Amino acid sequence: MTVHTAAEKAYILSEALPYIQRFYDKTIVIKYGGNAMTERHLMEAFAKDVVLLKLVGMNPVVVHGGGPQIAGLLQRIGKQSEFIQGMRVTDEETLDVVEMVLGGLVNQDIVTLINKHGGRAVGLTGKDGNFIHAKKMLVKSKEKADEMLDIGQVGEITGIDPEIIQVLDARDFIPVVAPLGTDAEGNAYNINADVAAGKIAGVLQAEKVIFMTNTPGVLDKDKKLLTGLTPREISDLIADDTISGGMIPKVGYAVDAVNSGVKTAHIIDGRVEHALLLEVLTPEGVGTLIKRS
C-alpha cells in the first residue's frame, strides 16, 4: 500500500466520524432483500456492514424477506405460486414452506454470516415472544368493488410488542427478524417484509429505516436519482406518474414510517456492494432519503 492510498483510506474513515457520533446508540432498522440476499459477495458485504454499524455503537435490526427462496422451494415440491395483486396466496401447504424458508433457511443463513464476521446475531420470527400480532388480510376485488378476497394466511399487522428486540439490543445482540406474525388463537401469518420493517421501526422510534431494493432509489422522469424527498413531494410525483408501478408501495411504506416517528427512511440499491455503509456513513449516500420536512 502506498502512502497516497493509505492517506485516501484514512480520509474516508475520518469522513465517517460525524455520522458515527450522530447515530451512536440509535436504532437503524434494515429491510434486507433483493439481489443483496441472493448474490454471495453482496451477502458477505451486507453482513460486514451490519457488524461494523454495531461495533461503532449503533443498534441495527435486520428484517428480511425471502420471496425468491420461497418460490424456489415451492417449485421443487411441484407447487405453483399464485399471486393476487402482488401478494402470495398462502394456503396451509404454502405457509409450511414460508415458515420453513423464512424462519429457518434464510434467517439462519443471515445469522450465520453476521456471526462469521464477528457479530452476535440472534434469529427470530414475529411469533417468538408473540411480538408481531396479526390478523388475516382481505384484499379488495378489482372486478367487484364490494367483494373482499381471501388470500389465505397472509397477515395484516395489528400490533407490535418491541420488548424482545429491546432486550436483545440492550445485550448487544443483533436481532434478525423473519416477518411472520400470529393472532390470539395461535394462527400464523405471512407478512410483507417491507411492512414489517416499517412498523417495527415506528414502534422502536428508530433513527432510520432502510429499504434495500434492486433499484438505485426513486428516479425522476429522466431516470436520475432523487436524493431527498418529503411525503408531499412523493404525493406530487405519484400524481404525475413520475413514481409508478412497484415503487408506489415502497415509498408508501417509507412515508408511513416517517409519519409514525422514524426520523428518516431510505430506499437504496442493494446491488451496490457496501450500500448500507455508504448510505449511513457518507454525506452523499447512495439512495433516496425521505423525511417529513
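Positions of Cβ are set from backbone N, Cα and C atoms, glycine also.
Listed features, source Swiss-Prot:
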- Gly66, Gly67, Arg88, Asn190: substrate binding site (BINDING)
- Lys31: site 'Transition state stabilizer' (SITE)
- Lys250: site 'Transition state stabilizer' (SITE)
Substrate site, defined by Gly66, Gly67, Arg88, Asn190: further same-chain residues with Cβ within 8 Å of the Cβ centre: Gly65, Ile70, Ala71, Thr90, Val98, Val101, Leu102, Ala193
Residue from Lys31, Gly66, Gly67, Arg88, Asn190 whose C-alpha is spatially nearest that of Lys250 (site 'Transition state stabilizer'), among the recorded positions: Lys31
Neighbourhood of Asn190 (substrate binding site), C-beta criterion under 8 angstroms, separation at least six: Arg88, Thr90, Leu95, Val98, Leu102, Gln153, Val154, Gly155, Pro179, Leu180
Among all chains shown, work out which of the binding-site residues Gly66, Gly67 has the most CB atoms within 10 A of its CB. Gly66
Rounded to a whole number, how many Å is the Cα of Gly67 (substrate binding site) away from the Cα of Lys31 (site 'Transition state stabilizer')? 13
Give me the long-range Cβ neighbours of Lys31 (site 'Transition state stabilizer'): same chain, 6+ apart, Cβ under 8 Å, in sequence order. Val63, His64, Gly65, Ala193, Asp194, Ala196, Ala197, Gly198, Val209, Ile210, Phe211, Met212
Reduced to three states, what secondary structure does DSSP give Asn190 (substrate binding site)? strand
Check Arg88 (substrate binding site) against DSSP and tell me helix, strand or coil, would you? strand
What DSSP gives for Gly67 (substrate binding site), in three states, is helix
Looking at substrate and its recorded binding residues Gly66, Gly67, Arg88, Asn190, figure out the farthest C-alpha pair and report it in angstrom, whole number. 12
